[in-house]
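Reviewing the structure listed below.
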Amino acid sequence: MTLVRERRHQEPLTLSIPPLIYHGTAFSVASSSSSSPETSPIQTLNDLEKLSVLGQGSGGTVYKTRHRRTKTLYALKVLRPNLNTTVTVEADILKRIESSFIIKCYAVFVSLYDLCFVMELMEKGSLHDALLAQQVFSEPMVSSLANRILQGLRYLQKMGIVHGDIKPSNLLINKKGEVKIADFGASRIVAGGDYGSNGTCAYMSPERVDLEKWGFGGEVGFAGDVWSLGVVVLECYIGRYPLTKVGDKPDWATLFCAICCNEKVDIPVSCSLEFRDFVGRCLEKDWRKRDTVEELLRHSFVKNR
């Protein structure tokens with residue numbers, strides 16, 4: 001879900017939203033072995049106090065909340081399952097995963113109308129926010145974030161999960177400056193030959209945009225996440241979407257040509273040879289020849305980061 005972030009400096013909010021009283025079921029997804037105070041059990045949504053709206057889209061809203069007893073801050077993502085059938089898949093995936101490279105989900109509350117995710121609060125927003133603020137990403141910074149994203153993708157692949165929508169707005173940053181993968185609304189668990197095309201077109205790989213030309217196989221979903229990573233790291237370095245020219249209208253026809261037809265991606269001459277090679281391996285159009293996550297983690301551009 002692409003969120004439209006609201007202004008941080010605003011008058012005190014009177015939130016015209018449903019009260020935090022749910023008669024549905026709840027399940028915790030936090031690790032029972034963790035001793036961190038942030039994993040204090042949340043028994044009910046009444047344990048949380050809404051502070052502000054962080055963002056909202058057609059499928060739901062994300063709130064900044066505070067635990068009434070511990071004062072710990074959380075993000076509360078409220079979705080309507082009847083408006084978006086993928087949210088039940090997202091809930092199932094979040095129950096399975098726990099990694100320091102992926103945003104943490106502490107609990108999910110289910111009611112007749114809403115699906116509510118109690119999430120780790122990422123204080124510095126997303127990579128998309130940083131790009132809008134014209135933050136400059138040096139090569140070492142890009143290398144570090146690429147390493148973290150690859151670590152997260154490796155974990156997901158071991159769990160048999162294709163993220164399916166790696167893009168700047170789904171890569172969140174905490175107060176330590178650590179980037180974590182978020183939003184599993186377009187994700188799927190690889191089984192039964194399901195190679196659907198949910199996700200954001202601009203970050204889709206050629207085989208997802210044009211299945212007839214490129215074909216598909218058991219690794220195609222994972223290879224698509226690698227392509228998306230390549231687009232993201234290059235976008236962070238040059239400060240804009242890298243597959244189209246400045247001034248191009250980002251419609252379907254333009255994106256299709258940029259992703260599937262253009263011979264090569266323009267990479268600035270200021271990039272190091274290591275960076276150019278890394279991006280080239282990510283943005284190989286034939287998914288059969290594209291580097292895997294494991295191969296990229298051994299690449300000199302991200303190794304030992």
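Glycine is treated like the rest: Cβ placed from N, Cα and C.
The shown structure was predicted, so the numbers you read here are calculated from the model rather than taken from an experiment.
Per Swiss-Prot, the feature active site, proton acceptor maps to Asp165. Take the CB of Asp165 (active site, proton acceptor) and look out to 10 A: across all protein chains shown you find 24 other CB atoms.
Under the heading ATP binding site, Swiss-Prot lists Leu54, Gly55, Gln56, Gly57, Ser58, Gly59, Gly60, Thr61, Val62, Lys77, citing sequence analysis as support. Leu54 (ATP binding site) falls within a strand when secondary structure is assigned with DSSP.
Annotation comment: Swiss-Prot describes 48-302 as domain 'Protein kinase', evidence class sequence analysis.
Residues or ranges marked as phosphoserine in Swiss-Prot: Ser34.
Secondary structure at Thr200 (phosphothreonine), as computed by DSSP, is coil. Under the heading phosphothreonine, Swiss-Prot lists Thr200, citing similarity to another entry as support.
When other Cβ atoms within 10 Å of the Cβ of Gly60 (ATP binding site) are tallied across all protein chains shown, the result is 22. Checking Cα-Cα distances from Thr200 (phosphothreonine) against the recorded positions (Leu54, Gln56, Gly60, Asp165) with a 10 Å cut-off leaves Asp165, in sequence order.
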